[in-house]
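A.B. asks: Handing you a structure now.
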Amino acid sequence: MKKRICILYTGGTIGMVPTENGYAPKKGYFYDAIAAIPDLNSHDMPEWDMIEFDPLLDSSNIAVEQWNQIGRAIRDNYEAYDGFVVLHGTDTMAYTASALSFMLEGLSKPVILTGSQIPLCKLRSDARDNLITSTLIAGAGNVKEVCLYFGGKLIRGNRSTKSSADGLIAFDSPNYHFLAEAGIDIRYNVASLLTPPLNADFHLTEFKQISIGVLKVFPGIQFSLFESIMTESLKGIVLETFGAGNIPSYDDALLPIIRKAFENGTIVTVCSQCQSGTVTLGAYATSSALTKAGAVSGYNMTTEAAVAKLYYLFSLGLSRDEIKVKMEQDLRGELTK
Ligand code: ASN
């Protein structure tokens, strides 16, 4: 029997058309445009249906409500399909892929996010390959996790990051193997795939609106300027630090602020500005102070994954101590220690 794939079209360049204000999505246009691609109707392809979201968005406008909407669409169609392809703008695709990886618990079917850098309607568009290969990967069913496929690479969703604003190989997986590479054949890196938990019930955890911040440290940063955002209403903050988790110690201002944030109940998660490698708190004196002030290590998580994980853990309603512990644990293949 043919596999059945549900394509969720949320917007993004892939389905955009030129307008007087630049590219924008167009309601009701994309289904016919992809139905006219001969390969998508080949007998070697899975059967597919498409659900068009309303409104269609440039992914810069995607936020928690849209993540929940995508999650609900997958939950509501979970039994009827063998896999899902989520068409999404590239700008925030790595955030959405990370968010879905946490929201969809007990997932045992492929969920593949993809999009394109050049709209389907334009010459040299990368939309066809990204869509066709993602649909084939979803139909093959080898991966049972949330992934992002783009430019020949299949990446674990919560390990992905957008690395090029204009290249057709626009995403990277700096701290984990590609899950598959599509050349003449699609070659899976079987040893690197997640094994779905046995007998786990599939369910969706919708995210709540949580106040989260990201602060990138830079030479000369005046920490006192940021004190005003470190209030009790800030639930979590991702600190993008230098190298292995280092912060400047020149004005002694950051640590009291971090300590205060910690006392306020804010979870301070330390990630690195380096794309690859890991945070090792305590490797240098400039980082050990962070642990003393109550910060947790994000190890080699991307900022995208750390942000999504904070949303997830707070949405579960866990205590602050439980969140601190789980931030440092590998929940969905998002970090390695
Ligand atoms: N601005 C677009 C988006 O993220 C970029 C793209 O899809 N290539 O929706």
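Cβ coordinates are placed from backbone N, Cα and C, and glycine is handled just like the others.
Just so you know, TrEMBL annotations never went through curation; they're auto-generated.
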A.B. asks: Write down the one residue from Ser59, Ser108, Ser125 that TrEMBL lists together with Thr90, Asp91 as binding substrate.
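C.D. replies: TrEMBL names Ser59 for this substrate site.
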A.B. asks: Between Thr13, Ser59, Thr90, which of the recorded positions has the fewest other CB atoms within 10 angstroms in the structure shown?
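C.D. replies: The recorded positions Thr13, Ser59, Thr90 were compared, and Ser59 has the fewest Cβ atoms within 10 Å.
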A.B. asks: Check the DSSP secondary structure of Asp91 (substrate binding site), expressed as helix, strand or coil.
C.D. replies: coil
A.B. asks: In angstrom units, rounded to an integer, how far apart are the Cα atoms of Thr13 (active site) and Thr90 (substrate binding site)?
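C.D. replies: The Cα atom of Thr13 (active site) is 8 Å away from the Cα atom of Thr90 (substrate binding site).
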A.B. asks: Could you list the residues of the same chain, at least six apart in sequence, whose Cβ is under 8 A from the Cβ of Asp91 (substrate binding site)?
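C.D. replies: Looking at Cβ-Cβ distances below 8 Å from Asp91 (substrate binding site), excluding near sequence neighbours, one finds Asp58, Ser59, Ser60, Lys162.
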A.B. asks: According to DSSP, how is the domain 'Asparaginase/glutaminase C-terminal' (212-324) divided among helix, strand and coil residues?
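C.D. replies: Counting residues per DSSP class in the domain 'Asparaginase/glutaminase C-terminal' (212-324), I get 44 helix, 21 strand, 48 coil.
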A.B. asks: Would you mind giving the whole-number mean pLDDT across the domain 'L-asparaginase N-terminal' (4-189)?
C.D. replies: 97
